[in-house]
């Protein structure tokens, strides 16, 4: 969560400088800066995810050196899951804080003919991002651990795609549907990389050991 906050701080700083240094009356420029800000923020988040992986790798090496049996008490898969949850929960918390601050008013959602489902859609979008960050953490760490750089690139591309799809709003179908499809694909991928199988899933459904 701390690493995600640092990436947000840096991206916010770059965004603040870019907006102050540009002409606020130039709408095409401001839209371009918004797109740049989103893409830069995504790349910065993934950079800090990589830095966090390197930090955890050093921590594991230290734990192995101190342990009596030469084994780490926690696996890299467990760390990947926890790191993904931390990124996701902090991202979701900040998204909801901004929305709740706007919900205080003044004004009414949809009063000018816009969708009245704005807050509901935002909640669903926040939820999918929390899950995606969790799955991306597993995929990203697996790619770093096994030198599968295409897995890391896949995470970056998916993150860019989900963030870019929000520019389709207020056509919410254009952002929600692709995001949930990517979440399903990322969930299945992360499940398989974590050692899961169709047989294990079937046993879970039937509550068998």
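In case you wondered, yes, glycine gets a Cβ from its N, Cα and C as well.
Here TrEMBL flags 1-21 as signal peptide. Long-range contacts of the signal peptide (1-21) within the same chain, counting only residues at least 6 positions beyond its ends with a Cβ under 8 Å from a Cβ of the stretch, are 30, 33, 36-37, 40-41, 44-45, 47-49, 51-52, 86-87, 89-91, 94.
Sequence annotations record features per position, and here TrEMBL assigns transmembrane segment to 31-52 (among others). Within the same chain, residues 3-4, 6-8, 10-11, 14-15, 18-19, 22, 83, 87, 136-137, 140, 144, 152, 155-156, 159-160, 163-164, 166-167 sit at least 6 positions outside the transmembrane segment (31-52) and bring their C-beta atoms closer than 8 Å to a C-beta of that stretch.
Counting residues 6+ beyond its ends, the transmembrane segment (79-97) has Cβ neighbours under 8 Å at 1, 3-5, 8, 45, 49, 52-53, 56, 60, 122-123, 125-127, 129-138, 140-142 in the same chain. Under the heading transmembrane segment, TrEMBL lists 79-97 (among others).
Tertiary proximity for the transmembrane segment (117-141) is limited to same-chain residues at least six positions away from its ends with a CB under 8 Å from its CB atoms, namely 46, 49-50, 53, 76-77, 79-81, 83-85, 87-89, 91-92, 95-96, 99, 103, 109-110, 151-152, 154-155, 158-159, 162, 166, 170, 172, 175-176, 179-180, 182-183, 186-187, 189-190, 193-194. Summarising the annotation, TrEMBL assigns transmembrane segment to 117-141 (among others).
Within the chain carrying the transmembrane segment (148-167), a Cβ under 8 angstroms from the stretch's Cβ atoms is held by residues 35, 38-39, 41-43, 45-46, 50, 125, 128-129, 132, 136, 139-140, 142, 174-175, 178-179, 182, 186, all 6 or more beyond its ends. According to TrEMBL, the feature transmembrane segment maps to 148-167 (among others).
Per TrEMBL, the feature transmembrane segment maps to 173-193 (among others). For the transmembrane segment (173-193), the list of distant contacts is 121, 124-125, 128-129, 131-132, 134-136, 138-139, 142, 158, 161-162, 165-166, 201: same-chain residues at least six beyond its ends, Cβ to Cβ under 8 Å.
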